[in-house]
Amino acid sequence: MAKWILLIVALLVLGHVPSGSTEFKRCWNGQGACRTYCTRQEKFIHLCPDASLCCLSYSLKASPHSRAGGV
């Protein structure tokens, strides 16, 4: 019986999901992500409001009109 209780407690502890969103903040009209560092498949566009980098995938074209739309 003690083994079952230990197993249940272990599963509950390991299965805990922290509250809040783990996704990066979005920028460049939702096409970019605010990060500390851009990945190799991304390029730096501009700074986000929290001074992190707005990283945009190389597969997406950054048009001048997108930037004026907001952060």
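Cβ coordinates are placed from backbone N, Cα and C, and glycine is handled just like the others.
Here's what Swiss-Prot has on this protein:
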type	residues	note
DISULFID	CYS27-CYS54	disulfide bond
DISULFID	CYS34-CYS48	disulfide bond
DISULFID	CYS38-CYS55	disulfide bond
SIGNAL	1-22	signal peptide
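Features recorded in Swiss-Prot, as mapped to the structure shown.
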residue	record	Cβ neighbours (10 Å)
CYS27	disulfide bond	24
CYS34	disulfide bond	19
CYS38	disulfide bond	17
CYS48	disulfide bond	20
CYS54	disulfide bond	25
CYS55	disulfide bond	22
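In this structure the alpha carbons, written CA, of CYS27 (disulfide bond) and CYS38 (disulfide bond) are 13 Å apart. The secondary structure of CYS48 (disulfide bond), as reduced to three states from DSSP, is coil rather than helix or strand. The distance from the Cα of CYS55 (disulfide bond) to the Cα of CYS34 (disulfide bond) comes to 6 Å. DSSP assigns CYS34 (disulfide bond) to a strand.
Each residue contributes its Cα atom, and for CYS38 (disulfide bond) and CYS48 (disulfide bond) these two points are 13 Å apart.
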